[in-house]
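These notes concern the structure reproduced below.
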């Protein structure tokens, strides 16, 4: 094996340049953040997902490159020994991110939302990405092996093109998968919110067909004669008599009302002394003079029917009538609950729009950082340019982790 020696002093000065050192410190910070994010997920989750375990492996090549740099400026290893991990770490991490994105997207197929991305297509894409990564690694290994006898590795015509193609392909595939994930989650959540909103509107329209009782006072029996109020209200019903009545069709109540009116008239004509006045909100009103109030023989039947307010005289009316001693308060509380529910739905929709907006901005940031990294790497042919492209690659990795976390929140 050829012994690697230290290069000339002028080549070593590029490593201790202030700009390179600052950029490398930024690389270290981003690498630590990229390790902490999946580590927190693994620590907080009760079920350890293999996905976050592989996410923890993604920034390891970047960490090796950062450690190699500081060992180089400390003169522990040579520049040639630092060159291999420095160049290959970025594209290996991007390659792993792309592979994880393609594997993660298969969860939508298992959920039944993306049927075209089945296991067979997923394995084909992962195999192609794996083959591309192995090919790129083999080409780079050959370029370094052919220059191992030199004091330091010069520029190779295959090296930069191979790395640019590998990184560009990984970034493009990852961005397409993230865009498909975003559109899929957007369609699912918007469908759910539209369905909830439709159910709420249907519930409100159903409530609108329920007639609310008019605000009126109870007819009080008088010792001098009947109550001559122009619009007397129905007397209040006892809870024991009303607990058997809930939601009843108006057609059935209309039939019962007519039968009970006939029965009340018969009782009033044959009883002594007559019953007090009873008024029905359904339309007709039968008044019987009485000097003293008497209760009907059957409280459960008669006093219950005395409060029945029919919304329509037509038996075919589809409206409903709520029979309850606290009819007005029940209707008011129902409307209040519906308003609170609508407010919660609006807040959920606002949070969803905000979260999906963040995801969309994150996707744009991913595309922008990847393009900037490639442009810097291809145009700045020196160590500072390579280090800045490494910073862009680490920013891209951290942004991918954050994007995956936000997408998981959108799913929940």
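Placed from the backbone N, Cα and C atoms, the Cβ positions cover glycine too.
The annotation transmembrane segment is assigned in TrEMBL to 20-39, 51-72, 84-103, 124-145, 165-186, 357-379, 391-411. Taken from TrEMBL, the feature compositional bias 'Polar residues' applies to 203-220. Among the features that TrEMBL reports, region 'Disordered' is placed at 203-236, 310-331. Taken from TrEMBL, the feature compositional bias 'Low complexity' applies to 310-325.
Spatially, the transmembrane segment (20-39) is not adjacent to the transmembrane segment (84-103); fewer than three Cβ-Cβ distances between them are under 8 Å for residues at least 6 apart in sequence.
Counting Cβ pairs closer than 8 Å to the transmembrane segment (51-72), the top stretch among 124-145, 165-186, 391-411 is 391-411. For the transmembrane segment (84-103), the partner stretch with the highest count of Cβ pairs under 8 angstroms, out of 124-145, 165-186, 391-411, is 165-186. Remote same-chain partners of the transmembrane segment (124-145), defined as residues 6 or more beyond its termini with a Cβ less than 8 Å from a stretch Cβ, comprise 83-84, 87-88, 91-92, 95, 98-99, 102-103, 153, 156, 158-159, 162-163, 165-166, 169-170, 173.
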